[in-house]
Every structure is written in structure tokens, then in C-alpha cells.
Amino acid sequence: MSTRSNEAQDRAPQTIQYVTVRIGGQLFGVPIEIVHEVFTPDRITRVPLAPSEIEGVLNLRGRIVTMVNMRRLLGLSGAADAVTAVGIERSGEAFGLIIDEVGEVLVLETGHREPNPSNLDPRWTELVTGVHRLTDELMLVLDVERALGRLATRRIAA
Amino acid sequence: MAQEPPPNLVDAFPGLAVTPLETNMDDLLREFLTETTESLDVADVELVKFERDPNNREILNNIFRLVHTIKGTCGFIGLTRLAALAHAAETLMDKFRDGIPVTQEAVSLVLVTIDRVKLILGDIEASEGQEPQGSDADLIDQLLAMATQPVAVEAPIAAPAADPVSLVPAPIRTEAAPTGGKLIQTLERELLPGEVSLDELERVFRETPVETPQAKVPAGPAGAPAPARRGDDDASPTSSIAAQSIRVNVGTLEHLMTMVSELVLTRNQLLEIARRNEDHDYKVALQRLSNVTGELQDAIMRTRMQPIGNAWQKLPRIVRDLAQELGKQVELEMLGSETELDRQVLDQIKDPLTHMVRNSADHGLEMPEDRRRAGKPEKGMIRLSAYHEGGFVIVKISDDGKGLDIARIKAKALENGLADEAELAKMSETQLFRFIFHPGFSTAAKVTSVSGRGVGMDVVRSNIEAIGGTVDVQSRAGSGSTFVIKIPLTLAIMPALIVEVSGERCAVPQNAVLELVRIQPNSEHAVRRLKDAPVLCLRNRLLPIVHLGRVLGLVPEQSEDTFDTGLIAVMQVGNESFGIVVDSVSHTEEIVVKPMASVLRQVTLVSGSTILGDGHVIMIVDPNGLAQHVAARSESLAGQAAENGQANAEAEDAPVSLLLFRAGSQEIKAVPLSLVTRLEELDRTRIEQVDGRAVIQYRGRLIPVVRADGDTGYEKTGVQPMLVFSDDSRVMGLAVDEIVDIVESRLDLELASASAHALGGAIIDGRATEILDVSHFLHLAFVDEPETDRNAAGGRRHLLLVDDSAFFRELIQPVLRGRGYAVTACGSAREALERLASDRRYDAIVSDVEMPDMDGFRFAEAVRGDLGMTRVPIIALATANPGLAIQRGRAAGFTDCVAKFDRPGLISALQEFACAAEGEAA
């Protein structure tokens with residue numbers, strides 16, 4: 001993953017391309033290289049006894065994709081209908097992050113990324129690796145790797 | 001994304017294990033056949049080129065080396081007929097190199113020779129190493145004649161072939177070999193016969209190919225070689241050899257596997273469509289496609305098969321070293337090492353097998369002198385055997401040692417708190433033996449470097465169970481133990497029963513299903529209850545029954561199950577038999593197992609998922625997980641009341657199932673599901689009015705209906721959702737607007753309630769939820785009944801309620817109050833003791849058994865002993881097994897013990913004891 005925070009501290013004017021997604025009103029950015037596709041989830045099968053953040057699994061062209069409800073993962077209320085999902089891949093497994101909507105692709109300088117504000121919801125600080133100030137709103141950089149990692153460790157702890 | 005091999009597969013099948021093959025002649029021969037066939041195919045092409053371009057020395061040298069290598073190898077492995085033929089051909093080729101003109105005739109002769117070689121190779125393959133009888137004198141003579149005679153050609157150069165051709169001319173570097181670059185590289189070296197084969201051997205070691213079983217491939221034509229055969233029809237005899245062991249990249253194989261999986265899915269999809277259509281022409285073709293797909297799947301599966309001997313290879317050495325280290329004499333016998341199973345499975349069982357063999361040598365076998373004393377040969381025997389049975393491979397590891405020490409196992413089980421004396425006494429030997437698979441269980445008296453640390457057999461078991469296998473042990477004192485491992489042949493594709501339960505479809509692996517039984521009430525196949533445990537009487541067996549939907553959390557955790565309809569799949573996992581109740585079984589299907597994402601692997605009841613013909617993903621139920629679930633339940637029924645404090649703390653934290661519904665307002669209301677007897681939806685026309693109160697006829701009796709929102713009127717039409725509560729003999733319906741959900745949630749009452757109908761508020765699923773007080777509604781429904789009369793005689797009785805769970809205290813207090821008791825609640829045993837020390841006027845004590853710090857038993861002892869209150873009834877509330885708690889509890893001073901959520905039981909116990917004992921302080 002090339003979005004580690006140590007790179008952000010590099011002085012070189014590197015840029016990262018983000019796909020912006022909206023989850024519960026908040027704008028997040030996901031590095032474009034980890035986004036495989038955007039798709040509309042269809043026929044999600046619930047997984048019995050699974051953590052509530054996992055909406056279920058579905059068949060995407062022959063592959064089983066594990067669907068993660070990002071709202072629930074971020075502790076946001078009001079579960080939206082699963083209308084849009086971002087397909088990503090993590091250690092060989094396919095995941096679909098259910099989000100509200102997909103925005104655009106932004107090219108942002110890593111140097112402009114600011115650290116998380118200290119009063120950010122602790123649940124979010126784990127999953128957000130910085131903030132970019134856009135012209136009319138803030139975009140949080142979502143660390144998908146950590147978000148899914150948390151899902152895994154939480155499950156083991158539980 | 002689609003181009004990469006699906007990572008789940010790659011993930012599931014880590015790289016091919018490199019294991020050396022047996023260095024026997026058969027493998028060498030097989031390798032030789034492959035190599036030679038490949039070489040000959042190249043030689044064919046080269047010769048044809050050579051014929052067109054006779055002056056190209058490069059091509060000539062290539063051919064010469066090919067033939068030379070064949071000759072050398074043949075000589076080395078004793079194929080004299082081939083060697084002679086190759087030698088003659090080589091002689092001629094050498095002449096070409098020396099400059100005799102290349103004629104079409106000569107080339108033809110060499111081609112014929114090559115064809116002959118191919119035929120002989122085919123026969124060798126068919127006869128597994130035997131060179132066919134026959135003579136090649138005709139060809140050899142022609143070859144030699146052509147070589148020695150300056151035949152009618154333009155520029156004859158006579159050069160008798162006196163020189164044995166093993167003197168190889170200096171190799172000429174061939175830079176751009178047009179075909180078979182890799183092959184030619186090998187041949188560029190100057191090779192003596194021995195070198196060739198050693199090299200080959202090493203290569204075999206390095207690149208253990210995935211082998212297809214030789215016997216199953218049609219062999220080349222049998223019988224004497226027919227010299228008439230020419231290169232144009234050489235494909236049939238040679239391709240069999242080549243196809244048999246072309247080296248294939250593992251990735252390619254996995255990709256193939258994935259593609260076949262997809263093909264199987266597509267076929268299933270088509271079959272699904274065909275089921276709905278009645279087009280006959282179409283069906284015939286589909287049937288054909290189906291068969292071919294099946295065969296293709298079979299064939300691909302076979303490419304993944306490896307002999308189990310590959311996993312055994314290191315064992316003789318391990319056993320030998322171990323025997324030396326331990327000062328024992330051990331003989332290792334291995335039977336059925338050719339038994340094949342999936343590479344992935346093989347990888348998984350390698351370590352468990354090694355561990356078990358070590359265990360047998362270390363624990364099982366005695367020291368030589370002990371053996372002599374026991375009248376056994378000094379040399380101990382460990383026997384490994386493997387064979388196919390159904391879709392399984394059975395692996396047995398047996399030793400003729402001392403057998404498992406039952407006394408030690410019992411002692412250890414006691415020590416580890418796995419069971420108590422009484423339970424141990426009741427257990428069969430088989431059950432006792434199974435303790436050795438518990439974590440941290442080692443009966444070795446002392447820890448050796450080999451074993452005895454108790455970190456073995458449980459890992460063995462979990463490894464084996466992880467691949468859908470089972471392990472069991474049989475043992476007889478003095479004559480040895482046998483471990484039986486049963487593992488599926490393959491993990492990738494399996495037959496499964498597609499069942500439907502609570503509207504969801506699931507796959508149940510068919511190899512775990514013994515039979516299907518339709519539930520018929522009032523017949524021999526009825527589900528009966530032993531206390532709360534549903535069982536099926538099937539012939540002479542009693543099977544525990546679980547609701548699949550229930551254990552998967554698909555249906556509400558009702559306090560009463562109905563087993564009036566549906567099917568029971570009788571399952572066998574290891575020695576555990578049980579039944580699972582499903583709504584229906586649709587069909588069986590070969591499903592392709594897709595592993596669960598790593599974040600979902602903790603879900604033990606689901607082992608994977610699969611894509612059905614219609615594209616839907618469904619879950620594969622894990623029979624092992626189910627068996628553990630059943631076993632855990634029966635264990636808890638068999639008594640875990642004596643569990644330690646930590647487990648209790650967990651139990652207290654355990655989530656409660658809550659039924660969420662709406663009534664009156666939009667806010668969510670909840671009742672603990674355990675208090676709900678049934679959920680009903682009934683036609684509102686059935687609601688009648690009797691004496692100004694709403695009632696319905698329900699199961700042959702009239703029960704009152706109360707609205708949860710406090711109103712009294714009812715709509716005249718539509719469907720009325722209703723929760724049915726029963727308390728003692730009283731049954732009532734609680735009418736609600738909508739049943740929302742059933743959730744598992746830790747319940748902490750955040751707010752005490754001011755209103756009578758609610759216990760308080762709690763946060764459930766992130767929403768503020770009102771927890772209703774069921775007893776309030778019971779009270780409302782039976783308002784006219786003189787319910788407190790029962791206790792009127794003795795006046796208001798005083799109870800002391802001790803429970804560390806605030807929720808439970810809140811739950812039970814109103815119930816007891818509703819029964820006319822005055823209740824004082826304490827959150828801990830110490831608090832209760834303090835209260836009792838200052839005020840002894842309690843008619844009865846109701847105490848939880850499992851509490852942190854001081855549990856119910858010690859509390860009861862303190863009450864009886866320290867406080868000297870010998871007569872006050874103490875009723876214990878046990879979450880797990882009242883039976884066992886009674887045994888222990890009697891000793892501690894409990895009067896009776898009831899299950900925690902068994903309210904009628906508690907009420908009747910209170911009536912019995914609290915009324916009988918007329919108050920200690922009185």
C-alpha cells in the first residue's frame with residue numbers, strides 16, 4: 001500500500017489519486033490504485049452469525065465478494081440501502097465496501113495532507129490517515145487496509 | 001481482476017510441496033519415457049528440416065545429440081533393444097557428420113527408425129518397463145548398411161563404423177535452436193549415460209510433477225512393433241506418454257481448476273433452467289454437456305491428486321531417530337502409500353500425521369524391557385495404513401504399545417476441570433479417550449523433548465477438522481492404540497444437499513448426512529422432548545435435534561420450538577450423530593467450495609460459500625461446527641455449573657436475544673425472547689369480545705389479548721401480529737403493530753422505568769429501546785383472577801433475590817412481586833450476606849449460582865454455616881444444568897435448583913418451599 005503515513009511526510013511533491021466516496025454525508029478518499037471497480041450490489045446473501053458490519057457476500061462474476069457496510073463500520077447511523085459499492089482487494093480476497101455514492105477522482109499532493117484533528121471520533125482515527133482540505137469541504141483519507149484489518153482483529157477478540 | 005487466478009484459490013492451495021519421489025526405477029523409467037518422447041518429437045521435426053537442408057550442420061548436430069542421448073539412457077536403464085537401434089541410427093548420423101551425402105532414402109530410414117523407437121517406447125509404457133520381444137535387425141542392418149556402404153550417391157565417402165559412437169565429437173554450440181530450446185540446452189552438455197540419468201534424477205527431485213496415475217491413461221498399441229508405421233500417424237502412440245506427465249505450472253493448474261469450477265457452475269445453471277423447461281432436444285444435448293463437464297471435472301481433479309506416500313516420506317527417518325533417542329526399537333510399516341488424495345489435503349495432514357507417529361513412538365510404545373515383561377517382542381510396531389472408502393481417505397496409525405492409560409486420562413480430566421467424578425464414571429471408554437484431543441491435555445508423565453507438552457493432539461484434531469476430516473482413537477490396555485483419521489479426498493468440489501431453512505438456502509455437505517427423516521407428529525418419527533432437549537427416536541437410537549435456522553440465527557430464539565413440520569437431516573460427524581431440522585430439501589448438487597473471507601472464518605458454523613446455478617451465493621454449513629455446537633449443548637446440559645469464575649463472567653456478559661417490535665408509537669420496544677412462547681399472526685376477525693375483554697380462541701382455549709400500547713380497541717380487518725406469553729397455565733396474547741427484528745444484544749438497562757408496563761430503557765442496536773415488563777401484561781390480562789390469593793394465607797412473603805446481573809434482577813423482580821412476594825434484590829453474594837446478617841426475616845432466598853467473587857454454592861454454605869440459617873429455603877438459579885447444580889448445591893445447602901429462565905419452575909419451587917418453611921426467623 002503506497003498510502004502509508006511515512007510517505008506523507010516526505011517532502012517530495014508526490015501526488016496521490018483518490019477516488020472520493022461519500023459515506024453518511026462525509027467525504028472520504030480512497031487511493032485509486034486499490035479500487036478495482038465500482039459496482040451495484042445485487043442479491044447479497046447474509047452470513048449467519050457474522051459481525052454486523054459485514055452485510056453479507058455476493059457473487060460478482062464468479063467471485064465471492066464480502067460486502068462491508070461502511071456506515072456501520074464507521075459507526076454511522078441509518079443504514080442506507082446497498083446501492084453502490086467499491087470493489088477492493090485485500091490479501092487476495094475480494095471485498096465490496098458499501099457506500100452511499102461515488103464521487104470523482106482527485107489528484108492531491110501528499111504534502112497537503114494534514115494530520116487527523118485530535119478531537120476526531122476515536123473510532124475514525126483508527127481508519128483515517130489524514131485530512132485534505134478541498135475547496136468546499138474536507139476529505140478524509142480512508143485507510144481501507146486498516147479498516148478491514150480492524151474487522152478481522154475485532155472478530156478474533158470477540 | 002479477472003485475469004489473475006482467483007486469490008482465494010491461490011490462498012487456499014499454497015505452493016506445491018516439493019517432495020522427492022521414491023528413487024526407484026519406475027520413476028526413472030517414467031521420466032525417461034517422457035523425455036525420450038519429447039526428444040523424438042523434436043527429432044522428427046529436425047529430420048524433416050534436415051532433409052530439405054542437408055548441409056545445415058547445426059540441425060544435423062541437434063539430431064545426432066538427440067539420438068545419442070536416447071542411446072545412452074537406454075543403455076543405462078537396461079533397454080538393450082532400444083539401445084541397439086539407437087546405436088545403429090547414431091552410426092548413420094555420424095557418417096552424415098563425416099560428410100556422406102544426405103539422401104532422402106537415408107532420412108526416411110532414420111525416420112522409420114524413430115517411429116520404431118516410439119513404438120517400442122509405447123510398449124514399454126504399456127507393460128510397465130518391459131521391453132517388448134522382437135527384433136529390429138531389419139532396420140539395424142539397413143542403417144548399418146547405409147552407414148558403411150558408400151551407396152549410390154554422388155560423393156561417396158567410405159568410413160566404416162568401427163568406432164563405438166560413445167566417443168562424442170566436441171559439441172558445437174547451437175545458438176538459435178528453432179524448436180525445443182530448453183531441451184536442446186540440456187543436450188548441449190557432453191553426457192555419459194550415468195550423467196544423464198543423475199541429472200534427470202535431480203530434475204525429478206527439483207520439479208516433482210503433479211502426476212497423473214499411469215494406469216488410467218490408455219497405453220500405446222500393444223503387440224509387436226509394426227515397421228510400416230510412419231511419422232504421420234505417430235500422434236496416437238506417443239501423445240499418451242507425453243500427455244501423461246507434461247510438467248505444468250501449478251498456477252496453470254489452479255487456473256484450470258477455477259475454470260472448471262466455473263464450468264460446473266454454468267452447467268448447474270443450465271440444468272436449473274432445463275428443470276423448468278420441457279424441451280427435449282435441448283435436454284439431450286444438455287445431458288451430454290453435463291456428463292462431459294463431470295468427466296472434465298474428474299480429470300482436472302485427478303491432476304491435483306498425489307499419493308499419500310508423499311506425506312509419509314520423512315517418517316521412517318523420524319521414527320528411526322526417535323527410536324534411537326528414546327532407546328526403543330521401533331518398526332514402521334506403511335501400507336497403501338499409493339492412495340491418492342488432493343494435494344491441498346495432503347499438505348494439511350502432513351504435520352498432524354508426523355505428530356501422531358511421533359506420539360505413537362513416544363507415548364504408545366513401551367521400553368524394550370517393559371515389552372519383554374509384557375510378553376511382547378522387544379521391537380514395537382507402528383503401522384500406518386491408508387485406503388479409500390467412499391469419498392474419503394481413511395488413514396490409520398496404530399501401535400502395539402501399552403494403549404491409552406484410562407486412569408491417567410481420568411485424573412487429567414479432573415485436574416483440568418473437564419468433567420467431574422460422577423460424569424467420568426458414566427462415560428464410555430471411547431468418550432474418555434476423546435479427552436486426549438482437548439487443548440492442554442497430555443498424559444505423558446513427564447515432558448520429553450518429543451512430546452508431553454499437551455500441545456499436540458488438539459492441534460492435530462483442529463487441523464484435521466479444518467479440512468472436514470475427523471479423528472478418533474481406539475485403544476486396548478496392553479495391546480495398543482489406533483488412531484483413525486477420515487479425510488475427504490478433495491476440498492474443492494463436493495456433493496451437497498441444498499436445504500431451505502427460514503427462507504434461506506444452505507448447503508449441507510452430503511458426506512455428513514446419513515439420511516433424511518420427515519417429521520411426523522404422533523408417529524414413531526415424532527420429535528420428543530427430554531426436559532428441554534428435543535430428541536428424535538430413530539429406530540433404536542435417540543438423536544439430539546437442533547434447528548438449523550436457530551443455530552444459524554435465522555429464526556427467533558423462541559422458548560418453545562415446534563417440530564411439527566419439516567425434515568430432519570441425520571448427520572454423522574466422527575462418532576457424533578445428531579439431527580438438524582430444516583424446512584425442506586430442494587436437491588443435491590456438486591458444489592464448488594469457495595473459502596470464506598478471512599474476516600469471516602471465525603464463524604464456525606459456516607465453512608465456506610458456494611455459487612448456485614442461479615448465481616446466488618449460499619453458505620455451506622460446517623458439519624463439524626454443528627457437531628461441536630450440539631456437543632457443547634449436551635456438555636452444558638451435562639453440567640458446567642462447576643465452571644470457574646471467568647467462564648461465569650463471560651456467561652453473564654452473554655448477549656440476550658430480544659424480540660423487537662413496534663406498538664403504538666414508532667419507538668422500538670423489546671421483550672426478552674426467552675419469555676415469548678410463540679409469535680403469531682392472526683386474522684383480526686378472530687378477535688372476539690367476551691365480557692368487554694378481547695379474547696381469541698387459541699389452540700382449543702380462550703386466551704385474553706392485550707394491546708401492548710395500552711389501547712383496547714382493535715381493527716376489524718387485517719392481520720394482527722401477536723406475541724404469545726405463557727406463564728404457568730396462563731396464556732395470553734400481546735397484540736403489537738409490527739414485529740421488527742430479533743437481535744442478540746448485551747442488555748444493560750440504562751434507565752429505570754417510571755411506567756408500570758416497562759422495565760426500563762436500553763440501547764439495542766444503537767437505538768434506545770423500551771424493554772417491556774411481561775408480567776405487567778400478564779397481570780393486565782388476568783386482572784380478575786385473584787392471583788395473590790395463593791400467597792394470601794401466609795401474608796406477604798419476603799424474598800431475598802441475589803443475582804449479579806442487573807438485567808435479570810429487573811426481569812425477575814416484577815414477576816415475583818406480581819406473585820405477591822416482597823422482594824429485596826442484591827447484586828452480589830456479599831451484599832446479600834450483609835443484609836441477612838442484619839435482617840433475617842426472609843421467607844426464602846433465590847440466588848444465582850454463577851456469580852463473580854462469591855458464587856452461589858459458597859453463598860449457600862455461608863448462609864447455612866456462618867449465619868446458621870439452616871431452615872430458610874435457598875433456591876438456586878442455574879444457567880447451565882440444574883441437575884448438576886442440585887448435586888453440588890444440596891451439599892452446599894440449596895433447597896432446590898431451577899433453570900434461570902424457568903419462571904414457572906421458580907414460582908412452583910417458591911410455593912413449595914417458601915410456604916412449607918414457615919420463615920426461619922418466625
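Keep in mind that glycine also has a Cβ here, set from the backbone N, Cα and C atoms.
Look at TrEMBL and you will find B:21-124 tagged as domain 'HPt'.
Marked as region 'Disordered' by TrEMBL: B:208-240.
TrEMBL lists B:218-228 with the feature compositional bias 'Low complexity'.
The feature domain 'Histidine kinase' is assigned by TrEMBL to B:241-491.
Per-residue confidence over the domain 'CheW-like' (B:493-632) averages 80 (mean pLDDT, predicted model). Among the features that TrEMBL reports, domain 'CheW-like' is placed at B:493-632 (among others).
TrEMBL lists B:655-783 (among others) with the feature domain 'CheW-like'.
Taken from TrEMBL, the feature domain 'Response regulatory' covers B:798-915.
The 4-aspartylphosphate annotation in TrEMBL covers B:Asp848. Under DSSP, B:Asp848 (4-aspartylphosphate) is assigned to a strand (E or B) in the three-state scheme.
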With pairs restricted to those 6 or more apart in sequence, evaluate whether the domain 'CheW-like' (B:493-632) and the domain 'CheW-like' (B:655-783) have 3+ C-beta pairs under 8 Å.
yes
Check each residue in the chain of B:Asp848 (4-aspartylphosphate) that is at least six apart in sequence and keep those whose C-beta is under 8 Å from its C-beta; list them in sequence order.
B:Val802, B:Asp803, B:Asp804, B:Ser805, B:Phe808, B:Gly856, B:Ala876, B:Leu877, B:Lys900
Across the domain 'CheW-like' (B:493-632), what are the DSSP residue counts per state (helix, strand, coil)?
20 helix, 73 strand, 47 coil
Residues in the domain 'HPt' (B:21-124) per DSSP class, helix first, strand next, coil last, are 88 helix, 0 strand, 16 coil
